[in-house]
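Scroll down for the structure; my scribbles are underneath it.
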Amino acid sequence: MVSRVSTGFCFPFSSLKNERHGNHYLTGCDASILIDGSYSEKTVAPNLSLRGYDVIDDAKAAVDRLCPVVVSCADLIAIAARDAVFLSSGGRYEVQTGRRDGLISLAQNVSIPGPSASLSQAIPFFLKKGLTLIDMVVLLGAHSVGAVNCSFIKNRLYNFRNTGIPDQTMEPFLANELRLRCPSNTTVDSSVQLDQNPFPFLDNSYYMQILSNRGVLRIDQELAMHPLTRATVMSLARGFDFPTKFGAAMLKMGAIQVLTGTQGEIRTSCRATNRPPFT
């Protein structure tokens, strides 16, 4: 896994996104996002950009060779996210284990804000799961190693809220740069980095960028402007404790609605339940 993550920074973000979006904000920390199926959670728009499933498959195969049907896929997601954080220079935290895997993965159960969501749309999802606004601001720091497809930001670049003009809260030089990467008249859906820092580190540079009106996603820029979150953004941008706070927030999120004891199962394949069909 180390060699896979070290080849670039797309997988660390994928691991974090599996942890932060796909796995925990649906039915809980039960690896339901990993299950294949025509109507599984994988098929919902906010989850279509998730990657790294093959790395979880490889990890599952490796641990099962030594300890068959002992380590859950849900635990492997949490462990992979922790290692991705560490390999992105984001510090290290201890992962609690003992989760079991869920039996159901249904697209209709997915209710998470997508990349185009506003802050006001995202806040209720975090609060509903027992996370605070501070937790939300800290967890969105994962965008410092992320990328997004142009299709999710074109409205900010060309026709924000159907005004016919770009989003005026975006710093003009960044807007011009992004328009070069994301032309309005192309069918190719390229991707752009969420943090303009040339070094792929999970650090507080994300907060510095959004305080300078260089947030790529709408939610990123609103995070730096909203009265409920701006103070936290400023504190993280000026401080040196982001890695510690990020690890604590990941641990807190990792305890959301876990299955333990006789609940669920330990899958033999992360892509399917042991007792099909559950798609």
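Every residue gets a Cβ built from N, Cα and C, even glycine.
Unlike curated entries, TrEMBL annotations are predicted automatically.
It should be emphasised that the depicted structure is a prediction, and the values quoted were computed from it without experimental measurement.
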Record TrEMBL, residue C150, disulfide partner from C73, C182: C182
Residue among C67, C73 that, according to TrEMBL, closes a disulfide with C270: C73
All-chain count of other Cβ atoms within 10 Å of C150 (disulfide bond): 19
Number of Cβ atoms other than its own within 10 Å, given for C182 (disulfide bond): 23
Reported mean pLDDT - the domain 'Plant heme peroxidase family profile' (25-274): 91
Nearest of the recorded positions (C150, D203, C270) to S32 (Ca(2+) 1 binding site) - Cα to Cα: C270
